[in-house]
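Pasting in a structure now, in structure tokens, and then I'll have a few things to ask.
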């Protein structure tokens, strides 16, 4: 539902509408249906059935309980529509807006029972997505001019939702899955018999199958970077990006040493995109971003999510008025 509401100056837009990533097999509506189904079980909401007549109307308000970046508004509309297409939703914020604690940023009107049925599923998605977007925004701002990426370390079944939240927070998406990028990691290299053999096999595979997709190779030392560059000098290759893994070294004082990372970036000298990975935190990301890397990837964006506290409160006075009129209060 494309609803609109009064604009709130304290929720000034910081982004345009952000669409979810395109995935060839992921069905977002099926994910929503599953979330609602696991909540409803085979009886539905027995508490609502027992306490709230179907004809009672209500108004509920979204309230930010802490500062952060809101994400999941578009998904919330999808969920409300799935539960009850007659529910009306109005927002004074949109995905990507920064909200402050106490801000009322949206309302939903309609059947009280159906608002409550949708409430927990809506909040579960919005709180998780907003937590991801909030951390992504903080890390993106600190990492500039490098771009922040997430990884495949997402909640099972929520891959697209998590990656959507990263986009809303101002980050960029790494590969969506195993299908859209060749990513040669340590285990591939070990089984293939080394970096050179792995790269050679990938180039042969892509040529034989007439595939044109990005190729990334993981390196763990400056010597491996040199080996990759040597291969690329001597061979036609589809390689597009070099991952510099764990070249950010933690120090006892809590700082990090990025000298190895800088050495690798200088060696590559713009021939390929570069991606720093490992020991990336909100405290270290600024220093990593200043090293000259193209991208910084962080699994923590999605695997260790701190949800943003959001509530959905029904207007108590309105509910009491309805109750008095119908002898239920």
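Residue positions begin at 1 at the first shown residue.
Placement of Cβ uses the backbone N, Cα and C atoms for every residue, glycine included.
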For the substrate site that TrEMBL describes with 120, 151, 152, 153, 175, 185, 218, 277, 278, 279, 298, 299, 300, which of these is also annotated: 67, 84, 95, 245?
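Looking at 67, 84, 95, 245, the one TrEMBL places in the substrate site next to 120, 151, 152, 153, 175, 185, 218, 277, 278, 279, 298, 299, 300 is 245.
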I'm checking region-level scores; what's the whole-number mean pLDDT for the domain 'Quinolinate phosphoribosyl transferase N-terminal' (45-130)?
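Here the predicted model's pLDDT, averaged over the domain 'Quinolinate phosphoribosyl transferase N-terminal' (45-130), is 97.
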Just how many other Cβ atoms lie inside 10 Å of the Cβ on residue 279 (substrate binding site)?
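So the number of other Cβ atoms within 10 Å of residue 279 (substrate binding site) is 18.
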